[in-house]
Amino acid sequence: MDYSKTLNLPTTEFPMRANLPQREPEIGRFWDEIEVYQLVQAKNAGRPKFILHDGPPYANGHIHLGTSLNKILKDIVVKFKSMDGYNAPYVPGWDTHGLPIEQQAIKQLKIKRSALSPVEFRRMCREYALKFVDIQRAEFKRLGVRGEWHNPYLTLQPHFETRQIEVFGEMAKRGYIYKGLKSVYWCADCETALAEAEVEYAEKESPSIHVAFPVVNGRGLLPDQDAAIVIWTTTPWTIPSNVAICVHPEYAYVLLRSGGRAYLVARDLAGNFRELLGDPGAGVEREYRGEELEGVVCRHPFVERDSVVVLADYVTLEQGTGCVHIAPGHGEEDFALGQRYNLPVISPINGKGYFTAEAGNLDGIFYLDANPVVVRELEARGALVGYSRMRHQYPHCWRCKHPVFYRATEQWFASIDGFRRHLLEAIDRVQWIPGWGRDRIRGMVAGRGDWCISRQRVWGVPIPIFYCGDCGRAVITDETISHLKGLFAEHGSDVWYAWEAAELVPPGLVCPHCRGRGDFTKELDTMDVWFDSGSSHWAVLTQPDYWPDLQWPADMYLEGSDQHRGWFNSSLTTAVAVTGEPPYRAVLTHGFVVDEQGRKMSKSLGNVIEPMEVLKELGADILRLWVCSADYRGDLAVSPGILKQMSEAYRKIRNTFRFLLGNLQDFDPDRDTVAYTELTELDRYALLKLHRVTDRVLRAYREYEFHQVYHTLYNYCVTDLSAFYLNVIKDRLYCEPARSVNRRGAQTVLYAVLDSLVRLLVPVLAYTTEEVWGHFPANGKKPPSVQLLEMPEPNPEYLDDELERRWERLLAVRQDVLRALEAARQEKLIRDALEAEAVLYAEPELLEFLRENTVQLPVIFVTSSVRVLPAAEAGGEEAVSGTVAGLKVAVRRAPGTKCVRCWTYGETGVDPEHPEICPRCATVLSGLNL
């Protein structure tokens, strides 16, 4: 007889092979068909809101691993919150203006910018941006991210732009917007001013020069004939714009005599300077305190201009000479110092980075190419004291990656000083995750200068300012902003370029400054794109006509740590300026994606991993599992090897689901559930472990400790389930009568485990949990999608401290037995545990404990028999000590013969009709009416 046909073997259509790259798109289409986002929102209507406001990615190019990481983290948060008692809408957004889109539109559409009108060029930029919105939307959806994809926010939408100029107008009304000449970051390649947030530092090689400025009026302190003050700089091209030399008022300075000339440098740097001169014996003629030197006049090395000594506390002694060359036209600190001393601002470089005629013989030379020209001129004049090359961190444009420089131009600014104190106070009212984010953004806000918000570009939101034709002053009032909001809402911001100023101003506009009604002109600069995205809290969260589920402020912003200086900062600035409050209650930041060696992803290093390629090869759930597994507070390492490890971890989780489903194929929870009080001790312990795991995972989700979610659930599947509970109940599941309380009790636990496990993993394994839900035992109340479920609640009924202590002790004994069984396998004494009899020799207290639990031991050891004997009877037998004190374990061949149905060894042949099976199996068969 084929006894295998009498067993309750697991059966399920849930496939062993995941085949995620093929199966996931099918599930994605299913979500679209049932409109799962709308179903979730309907289910959660009326609940407390949790608003995660999406930081808009740039609509330029395909998504990369960094944007994938960010979107998956957001999806984990939103999905969990929507299953944890909240109404958690998610409206994705895109940043759609700015120079990179201009450049790519020109490149890909093969158009000539100068041949197009601003309106035509803006139309092409819009088409390009919208194309990549569609591309990225499909890619984000493929990651399994749920959201209001049919109704995202775009910074180019008229209803967004109207709110943006409303924010601008309100800031202007409060006196925070002004136009002024300042030294700002400038990108020659992009031909525009940059904000601090648009600058990143990268290593660059530069010339390092020491330059002597001859003293012409030493004010009785320094010789007027043969003395010079020595400055050090890595930007020789700024020397033509020098107007002053700065020293620290409290530092000591010395006059060194060498080769018939006297040089002034900081005392603490004199040793280095002697080495530079090659004159270690250069003597000190006199020492000065920095503040004494104020007003000393030097002559510019090759320009007919004086250079006066000024004082500032920011001078350091880290390198150089302690004497700093000052060019207010080419440095933020220089400019501020120049304002204090009323110094001239010289900035003879145009927007493309070329010197103008004002620079004399440098006219027409690109500023970086001017370095060797300046060095040669200094050398010819005898002013070059030292020259070398050095590598150092230098500011670069984060869009085009070219070096940037400071250039004094007239720009529009937001005055941070006007409300800096309010910004710092607002920061303290926000929860920062991790906590160090608070100090980081406080430092940035405390030290930042005014925000340069104007850009010399066309593709952007125009700065909504007119100029009076009579007095020339800027005009921005409630009336002009209100009128423009109506025009922008109806026509979009293109109207600014399509219409003349006379058509844009409100009818009968009167200049508030001179009461003139003359011809008005319009500002041609656009707003910094950080003002676009920085206004999104107001443009998106306060527009119920477009996004009725949202509200202000957001509960959370979640972005990479670089956004402390970017979106977090710009959003905070506009919100506090307009409302006095931060736009977010909490800010969560994550690190960057790096390779196994901690290096950034780079094509030159060949370590770039494209997310869409991962999806094609492994599936989105593998990427999502990787995101969850890593501690996002630091940089996140990824490589093909790491993704392979995640695939293996996923396989183990999937196999756990498959085992659970396979053994619940005949289980109806409404009909077959066994009451807790009727369950075996083993089953009650399994439910206790489930309670602990559920509680731990829910706390980890709520505290945004997602890596703890992963590690807890993975270890639960592998250790608590696969290696223990699921293994030891196989005999009950397969061999006991199908409807017996013993088997139904085990199934009751399996159902509870499956029900909790699938819910707990929905935010992480979006596709797989949906697939599991499709095979879930039906009980007539099953919603169409797993995403419509709630998180499981830990069941306090399962808590039993005494049971837990007892079973933790039993499992410790089990570990010693498993080690002894493995040793017996290695020695070829047995092939598997059912061929064994475990003999436990125990000291009195442990002996009593084990005898009290004798019935459990063969089950949890998965051996055919177990004997428990006093330690004194161990004798000379090969009994091995383990980790449990007072215990030795010996393994023998189990007595009896093998039951061909359940494979345990013992008595067989009791039933003459079934001579090869054990009495238990014979009893089961008798009830089957074979």
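Here the Cβ of each residue, glycine as well, is placed from N, Cα and C on the backbone.
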* To do: Kindly point out the range from 205-209, 350-354, 600-604 that Swiss-Prot annotates with motif ''KMSKS' region'.
  => 600-604
* From 57-67, 90-100, 112-122, 321-331, which range did Swiss-Prot mark with motif ''HIGH' region'? -> 57-67
* **Shell of the Zn(2+) site beyond Cys899, Cys902, Cys918, Cys921, same chain only (C-beta within 8 angstroms of their C-beta centre)** => Cys735, Val900, Arg901, Trp903, Thr904, Gly906, Thr908, Ile917, Pro919, Arg920, Ala922
* To do: Looking only at C-alpha atoms, tell me how far Cys899 (Zn(2+) binding site) is from Glu559 (L-isoleucyl-5'-AMP binding site), rounded to the nearest Å.
  => 61
* Structure fact -> DSSP says Cys921 (Zn(2+) binding site), in three-state terms, is helix
* Minimum Cα separation from Glu559 (L-isoleucyl-5'-AMP binding site), reported as the residue among binding-site residues Lys603, Cys902, Cys918, Cys921 that achieves it -> Lys603
* What does DSSP give as the helix, strand and coil breakdown of the motif ''KMSKS' region' (600-604)? -> 0 helix, 1 strand, 4 coil
* Structure fact -> One of the binding-site residues Cys902, Cys918, Cys921 has its Cα closest to the Cα of Lys603 (ATP binding site), namely Cys902
* Structure fact -> One finds that other Cβ atoms within 10 Å of the Cβ of Cys918 (Zn(2+) binding site) number exactly 27
* Check each residue in the chain of Cys921 (Zn(2+) binding site) that is at least six apart in sequence and keep those whose C-beta is under 8 Å from its C-beta; list them in sequence order. => Tyr3, Cys735, Cys899, Arg901, Cys902, His914
* In the structure shown, which of the binding-site residues Cys899, Cys902 has the fewest Cβ neighbours within 10 Å? -> Cys902
